[in-house]
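Visitor: To start, I am sharing the structure in question, which I have written as structure tokens.
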Amino acid sequence: MSPVLHFYVRPSGHEGAAPGHTRRKLQGKLPELQGVETELCYNVNWTAEALPSAEETKKLMWLFGCPLLLDDVARESWLLPGSNDLLLEVGPRLNFSTPTSTNIVSVCRATGLGPVDRVETTRRYRLSFAHPPSAEVEAIALATLHDRMTEQHFPHPIQSFSPESMPEPLNGPINILGEGRLALEKANQELGLALDSWDLDFYTKRFQELQRNPSTVEAFDLAQSNSEHSRHWFFKGQLHVDGQKLVHSLFESIMSTQESSNPNNVLKFCDNSSAIQGKEVRFLRPEDPTRPSRFQQQQGLRHVVFTAETHNFPTGVCPFSGATTGTGGRIRDVQCTGRGAHVVAGTAGYCFGNLHIPGYNLPWEDPSFQYPGNFARPLEVAIEASNGASDYGNKFGEPVLAGFARSLGLQLPDGQRREWIKPIMFSGGIGSMEADHISKEAPEPGMEVVKVGGPVYRIGVGGGAASSVQVQGDNTSDLDFGAVQRGDPEMEQKMNRVIRACVEAPKGNPICSLHDQGAGGNGNVLKELSDPAGAIIYTSRFQLGDPTLNALEIWGAEYQESNALLLRSPNRDFLTHVSARERCPACFVGTITGDRRIVLVDDRECPVRRNGQGDAPPTPLPTPVDLELEWVLGKMPRKEFFLQRKPPMLQPLALPPGLSVHQALERVLRLPAVASKRYLTNKVDRSVGGLVAQQQCVGPLQTPLADVAVVALSHEELIGAATALGEQPVKSLLDPKVAARLAVAEALTNLVFALVTDLRDVKCSGNWMWAAKLPGEGAALADACEAMVAVMAALGVAVDGGKDSLSMAARVGTETVRAPGSLVISAYAVCPDITATVTPDLKHPEGRGHLLYVALSPGQHRLGGTALAQCFSQLGEHPPDLDLPENLVRAFSITQGLLKDRLLCSGHDVSDGGLVTCLLEMAFAGNCGLQVDVPVPRVDVLSVLFAEEPGLVLEVQEPDLAQVLKRYRDAGLHCLELGHTGEAGPHAMVRVSVNGAVVLEEPVGELRALWEETSFQLDRLQAEPRCVAEEERGLRERMGPSYCLPPTFPKASVPREPGGPSPRVAILREEGSNGDREMADAFHLAGFEVWDVTMQDLCSGAIGLDTFRGVAFVGGFSYADVLGSAKGWAAAVTFHPRAGAELRRFRKRPDTFSLGVCNGCQLLALLGWVGGDPNEDAAEMGPDSQPARPGLLLRHNLSGRYESRWASVRVGPGPALMLRGMEGAVLPVWSAHGEGYVAFSSPELQAQIEARGLAPLHWADDDGNPTEQYPLNPNGSPGGVAGICSCDGRHLAVMPHPERAVRPWQWAWRPPPFDTLTTSPWLQLFINARNWTLEGSC
């Protein structure tokens, strides 16, 4: 048995917000607590016979410790408990290796520590009390300190990672021939197969006809592959509603929407992703992805891909992990479109129950409601699910650009409770694909079956069936634990690079077919991949993360980050080389046979070689699965569902007498569906990839309000795609048809603010979340589907894909609590010009902006199901509706024409919160007042202002006002002039009148504070409260940033000379890097010859750096930053002899430069290339293979979380060659990092660096001065330091991302005169590097 070594690490004094949150949570539960001390323990599985040598121990201690300290790691614990202390150790469940362990092991291997095969991290706490703590105190502390779904308590230090007991084989037969249906019923119960009575009868009869018993693995396989989750029985079934047989299935009805829309789908209803006809674009790609090579410009037809799905059950059980794997699964859906596609950007949405935030009263939340123990509380879902989705996207490198968040917990008039106990975690994704890769090839005998991605773990066994249980909570809790998955974005990123290499292969894509692994695991994905030809699969050929896995687990576990593909044998070497270069496992697990059967051979005892030869087994090898594909995947009898409508009990809305507009706003503006989503947008990357033209945040204060997300199809073009969301589930409690129409209307009134090719080109993903098999709900879903189909036919848009989740109910005690029926519409389309987008922020204060209101259901002011009703714990009777779809068609057309002619300044849709909220949000985002008068006689004020009838509010300038009004009115639309903008600034007044009577008059900053309050309350629970309070105070007073280009600033221009000199720069990336493509674009735009180089290339000797003048160390999360920011990357450079020598030689050459951004900045600091003692020789790095003693490190942001901000920086004087001529400029730039706080080894060193101009970049406040104010300084670095350079100026390390702002359309906000720039000032940084290389400087 391998020994487990323990390395204890004490806190270094700057650990982010987590310890503070932990302390506050503990003190809230244990008032008698007097003190908390913590340490980490790295539990290292050491497989060598001898214990680590002194040198190996030194490496391990360097990896685990802080390089600025010498004594923070020990082999014995730092925490020695006294008699009144409680010592607790918690960490991950040990049933499989965590992603953290996987990445640490990768680092260890890169540094020559081969005997390390597992490293799990535990947290240790010493809690001090005045008296000896009781067992009850220990139980409370343990419950507070760990997540029972993914973690466990360790009463003693870990001594072994070997499981205490081996799982049962579970390969035996189920005795249907002897016991009939009873045998299958027993297996159904024991394995949690979620088979209903129809399934039990069907499979019993089938195996009796075959005259054989199914194996346990086959029964499990059938349950997963044919679960509601996978087969969509309800949508494809025969429905009877109130005794009437529906002519078409719901799926057929949805497909019929294609008949009234333009035929621009190149893929629809397949692959979990759809695609529409795109455009010809120019783009960069490496010449040869199997080796280091230069980027070259190519041109081709790129289509737009979209997919959306939900991950509700796992998120309800374990919010963080469920959301990470939901995001990862949807990313794989995009990857696996056709024969491989490009991931570009994501969307996210969350629906949860009443939050019950401690100390924050939301009057509509009922404190008497009880919550089940097997689901996370809504507050945990709101924070941790969004943390999980954000963390996965951040580390993978996919920006999240749009979304929604909604809460509901309400008792209906009939006594029924409706709440999202089982939450919604929605994930959408937009991507692109080459036209040549649309169609998958049919499987042919002899094709190789390959699994690419992470090894097999005992994760998510039974997830597909578990999520199909009719009412969540009816399954056993053990099986709920088994269905939880955990994500590894680092592995997914490596897998994505393998797929992208195939897609970009110069001699053609070797992938014949590609499918992502999800519900049902290998059993499902390998059947889909091999259908209809059939395949033989061998268990010995899978890479196992756990040798104790049985055949059922190998076949059925939903371990994440895995895809399956087919390729022809001649392309085997290509895939092998790419996988090795990207360090991503690729396992050739079987072969297409052509016999139309799927056969799993368990040959682990006696492996069968690839050529079919091998040692003769003593007995025939077991085949846990041997099924005819037609029998499993072929057309099966439709299930019939007999449904009854159950009309809701209605009560008129009864608002308090004399309720003022301000009093109503005090509630409505704090409702999660209406309130600011800043707590979501600030922690998720919105710029990575460099293809983002419009993300959520708009205006001078970056207010999270954008209606539409826009991306480019290439860095080189203004052609792109737009997507927007629509969902109105609360209205479904009154009328599901209305909710469906409004979801479509909301998606289109959001999308309308981006210029698209044509309304009839718009396609939609429809995602249905409903408790469809409970009384009344299935009929409601059918009605909603009918209404959606009808309104889409009238509008000319169509559905081309989607998913369903039909078990949206949970058991709470003896009560079944259903979620509201929900339809999420994701509309998407091609953008011919990504710059022709309008945002909601008012842009022309001081009365220069005129406000227009286009009502799409004129004369209607219904309050049923609105935010106002919900805030008074009611629904009301009559919901708003899209009464005249033709109005939306005309309004869409007119608005698009105005965008094309650049006649609109801003625009926003009327939705949650009504007209008054729409107007206020535009003022909030523009940071200015407004003065409006709504002329609607004979209607009460609250109905006029808070009805959520679909509509648009627009800002136009005086010269264009008459023309805009005329265009709408000539189209027969109801277009009212409401008023104009007011003064600028947070103290400007908002004055709202109805029919001439003033009903609201308050400073915009005060109203905005109400709107931001719920978000800041949630933020205090996920970030350092002092930082949150600082941002909240700042928003009340800020005017907005001021940018500055001094007169001496060079006039940046794109080098145009054909055939001119192109210095060579290496875009160097490591495992987990994700900022390489935008970096390549920036250097290419500046005239460099740009090369794609990996650390593996340097380690293997595939290339050296002698011919390169520059190296760019890119952003991302190398090795997921598991040991600290860029620590793994620094270890690979320091301890790998070949790679380290190559980089040392490069640095010593006087004709070279380097740029480190974000993760690259963290790396250069660790290596000592920047930040060392200015008085020492900068060319010396110390002896080979010895870590540098850095002068500074990049540590956790003071906020304690990842920060995504559009911040300002000031360029100062100094020797940095890349910033020459830019001194004095104050420019906005993307910031996206979790560890950017510059920790200097001493105040003296900081003073020397500042005095010598070696910190040439500082975070700037709104006046352009260096600042430590949060969030203007997003990480809290002392003195506002944002960048460091070497003494000779050749090496520059910066935390912000100038490479994501080299094109004007990449900017998040451009005030005059920057809004007319055709070239971004940030391009000058890269041009400076080129100019320096051409000068021949040494």
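Here the Cβ of each residue, glycine as well, is placed from N, Cα and C on the backbone.
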Visitor: Quick check on the annotation: Swiss-Prot has Asp707, Glu746, Asn750 binding Mg(2+), so which of Asp531, Asp546, Asp909, Asp912 does it put in that site too?
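Guide: That Mg(2+) site, as Swiss-Prot gives it, pairs Asp707, Glu746, Asn750 with Asp909.
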Visitor: Would you mind telling me which one of Ser569, Ser857, Ser1320 Swiss-Prot calls phosphoserine?
Guide: Ser569
Visitor: According to Swiss-Prot, which residue among Thr619, Thr839 is annotated as phosphothreonine?
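Guide: Thr619, according to Swiss-Prot.
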Visitor: Quick one: which of Thr623, Thr703 has phosphothreonine in Swiss-Prot?
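Guide: Record lookup, Swiss-Prot, feature phosphothreonine, residue Thr623.
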Visitor: To which residue among Ser215, Ser432, Ser1042, Ser1199 does Swiss-Prot attach the annotation phosphoserine?
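Guide: Annotation hit in Swiss-Prot: Ser215.
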Visitor: Using DSSP and collapsing to three states, where does Asn750 (Mg(2+) binding site) fall: helix, strand or coil?
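Guide: Helix, per DSSP.
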Visitor: Going by C-alpha distance, which of the binding-site residues Thr325, Ala402, Glu746, Asn750, Asp909 is nearest to His1297 (active site)?
Guide: Ala402
Visitor: Using all protein chains shown, find which of the recorded positions Ile331, Ala402, Ala706, Cys1158 scores highest when you count other CB atoms within 10 A of its CB.
Guide: Cys1158
Visitor: Near the Mg(2+) site, what residues other than Asp707, Glu746, Asn750, Asp909 in the same chain have a C-beta no further than 8 Å from the centroid of the listed C-beta atoms?
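Guide: For the Mg(2+) site, the extra neighbours are Val708, Ala724, Leu725, Gly726, Ala747, Leu748, Thr749, Leu751, Val752, Phe753, His908, Ser911.
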Visitor: Going by Cα-Cα distance, pick out whichever of the recorded positions Ser215, Glu746, Glu1299 is nearest to Ala706 (ATP binding site).
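Guide: Its closest listed neighbour, by Cα, is Glu746.
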Visitor: Taking only the recorded positions Ile331, Ala402, Cys1158, which one has a CA atom nearest to the CA atom of Ser215 (phosphoserine)?
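Guide: Result for Ser215 (phosphoserine): the nearest of the recorded positions is Ile331.
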Visitor: Cα of Glu1299 (active site) to Cα of Ile331 (ATP binding site): how many Å, rounded?
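Guide: About 24 Å separate the Cα atoms of these two residues.
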Visitor: Can you figure out which of Ile331, Thr623, Cys1158 (the recorded positions) comes closest in space to Asp707 (Mg(2+) binding site), comparing Cα atoms?
Guide: Ile331
Visitor: I need the nearest neighbour of Asn750 (Mg(2+) binding site) among the recorded positions Ile331, Ala402, Cys1158, using C-alpha distances.
Guide: Ala402
Visitor: How many Å lie between the Cα of Asp909 (Mg(2+) binding site) and the Cα of Gly328 (ATP binding site)?
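Guide: Distance (Cα to Cα, whole Å): 31 Å.
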Visitor: If you draw a 10 Å sphere on the Cβ of Asp707 (Mg(2+) binding site), how many other Cβ atoms land inside?
Guide: 28
Visitor: Quick check on the recorded positions: of Asp909, Glu1299, whose CB has the lowest count of neighbouring CB atoms inside 10 Å?
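Guide: Ranked by other Cβ atoms within 10 Å, the recorded positions Asp909, Glu1299 bottom out at Asp909.
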Visitor: Sort the recorded positions Ser569, Thr623, Glu746, Cys1158 by C-alpha distance from Ala402 (ATP binding site) and give me just the closest.
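Guide: Nearest by Cα distance to Ala402 (ATP binding site): Glu746.
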